[in-house]
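Annotated features, as they stand in TrEMBL:
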COMPBIAS  175-186  compositional bias 'Basic residues'
DISULFID  Cys87-Cys151  disulfide bond
DISULFID  Cys100-Cys161  disulfide bond
DISULFID  Cys131-Cys141  disulfide bond
DISULFID  Cys237-Cys298  disulfide bond
DISULFID  Cys268-Cys278  disulfide bond
DOMAIN    61-162  domain 'SRCR'
DOMAIN    198-299  domain 'SRCR'
REGION    165-186  region 'Disordered'
SIGNAL    1-26  signal peptide
Amino acid sequence: MTRLRMNYWMVTVIGLTMVMVVLVECAGNNGTWDKVREKKARIVKKLKKDLRKLKKEEGAVKLVGGENGAHEGNVEILHDGKWGSVCDDEWDYLEANVVCRQLGFDGAIKPTTNSYFGQARRRYWMDNVYCDGSEEEISKCRFDGWGASDCEGSEAAGAICARDQQDEEESGAIRRAKPKRKPEKRRIKDIHQQGVAIRLVGGRVHTEGRIEVKLGTSDWGVVCGDGWSLFEAAVVCRQLGLGHASDAIQTNFFGGLKVPMAISGVQCHGDENSLIECLHDKLLDCPGPVENVASVVCLRDMADLVFDHIELMRTAHLEDRQLYWLQCAMEENCVASQAYKIQKETENWHLETRRLLRFTARILNAGTADFRPSVPKHLWEWHMCHMHYHSMEVFATFDVLDLNGTRLAEGHKASFCLEDNQCLPGVEPRYKCANYGDQGISVNCSDIYKHNIDCQWVDISELRPGEYIFKVAVNPEFKVGEMSFDNNAAICRLLYTESFATVHSCIMGRP
């Protein structure tokens, strides 16, 4: 005897008509409804994804520029009826994961920065996005406000999302065509053994321009700008004897639109002596716009920031502080996301206590040129609580990791007001934050953020006692060129107990 069972359920998408799905299944006496429920879940998920694609409501998101499917690309968001880009300042796994889940995927595999999928195609709607990971939409995260951004076209944020294999099978995507694999990376000299020449062309001076390469006996060609960064630019400047990389640009400002593309996907560590030692796509693959040409600006003199790990170990300590005294810090996103939940859900939230790991950050400029912020002065952001301008929204990051390197405490992305607090004998301080003064760090001078300054901490209130890795990095997003990034971060051991914390065994490294 067979039983007939009809399943009705509703799928609702905000702003769209309700859809009713009817599934009729037959099962024998020994049958199970597991397959019914499984199929029901798959259909509901697919309907949500399909309907989400159709909606044109405030806060909708999409991924653009990816060649392998709708699961990857630069993020664009709909606001006021117009699509716009998202800047990569503060962008990491938490934000990418929210976007992927909003699009119906299971989560993010990788967040992308530096316009990985090509230059931003539209104005920036969002900048300095902070998510705690629980948000259902990226527009529910904290950010600077719609349209408030100082980002360039090469700073688009993106994501690579985890695809659902079952959805692809049911849609027939796998049967129609094999999914495209990421291009295989190989060292340039291993593929082009006849020799590779490089030159700069189209610049106003000989130290800038688009990069052109000549592979063996072939004609000169340009380099794809997708993912082009200061690491690759540094190798080009070094190989040509032009000093250090000041800017890595993805642009057609220096021409090159009519020049054939020679190589793509160039990836360097930054300390190579020649571009042929770097990786590249074995097969040419440049999905971004044709205007996306790799270019560079080289300078002889360059800043070189060195973080003082000794001062970090000497000054690190715990402090318990009520949220009442951290209201200004909350405005600048200096506390963990749990504190904002407490503020929303608890009437006497200001009496709740947070545990802070405080320390002093001392940064010396040991280079041959002043360290200056990349953002023009007229775009600096005024911070009312602290009554000064911040010239770099992410000048430093503070992170607590487990011994496997997985980030535990949310950490803190610190925006600084850069000035000369302490200089070596014979060096005159030049930069001061007060009165809208010029900001920067002079050669042989240090910017010092003492442990008693607001936001000079990591909120570790949800962290359990134990042993961890504590990492502090300056210029972590490589927005400003330096002689070397290998001394920008201190990677230390953190011993945390219920009554005290000790930071020890620090080594220097790259952010």
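Every residue number used here counts from 1 along the chain in the order it is shown.
Just so it is clear, glycine is given a Cβ too, placed from its N, Cα and C backbone atoms.
For the pair Cys87 (disulfide bond) and Cys141 (disulfide bond), the C-alpha distance works out to 14 angstrom. Counting only same-chain residues six or more apart in sequence, the Cβ atoms lying under 8 angstroms from the Cβ of Cys151 (disulfide bond) belong to Cys87, Asp88, Asp89, Ala120, Tyr124, Asp127.
Note: the Cα of Cys298 (disulfide bond) and the Cα of Cys278 (disulfide bond) are spaced 19 Å from each other. In the three-state DSSP assignment, the secondary structure recorded for Cys298 (disulfide bond) is strand.
A distance of 14 Å separates the Cα atom of Cys278 (disulfide bond) from that of Cys237 (disulfide bond).
Classification of Cys268 (disulfide bond) by DSSP places it in coil, neither helical nor stranded. Separating the Cα atoms of Cys100 (disulfide bond) and Cys131 (disulfide bond) is a whole-number distance of 13 Å. Residue counts for the domain 'SRCR' (61-162) under DSSP, split into helix (H, G, I), strand (E, B) and coil, are 16 helix, 34 strand, 52 coil. Contacts of Cys131 (disulfide bond) defined by a Cβ separation under 8 A and a same-chain sequence distance of 6+ are given as Leu94, Glu95, Asn97, Val98, Ile138, Cys141, Arg142, in order along the sequence. Here Cys268 (disulfide bond) is positioned 13 angstrom away from Cys237 (disulfide bond), judged by their C-alpha atoms. A separation of roughly 25 Å, to the nearest angstrom, links the Cα atoms of Cys161 (disulfide bond) and Cys268 (disulfide bond). Less than 8 angstroms from the CB of Cys268 (disulfide bond) sit Phe231, Glu232, Ala234, Val235, Leu275, Glu277, Cys278, Leu279, each of them six or more residues away in the same chain.
Mean pLDDT for the domain 'SRCR' (198-299) in the predicted structure: 92. Cys100 (disulfide bond): 26 other CB atoms within 10 A of its CB, across all protein chains. Taking the Cβ of Cys161 (disulfide bond) as centre and 10 Å as the limit, one finds 26 other Cβ atoms among all the protein chains shown.
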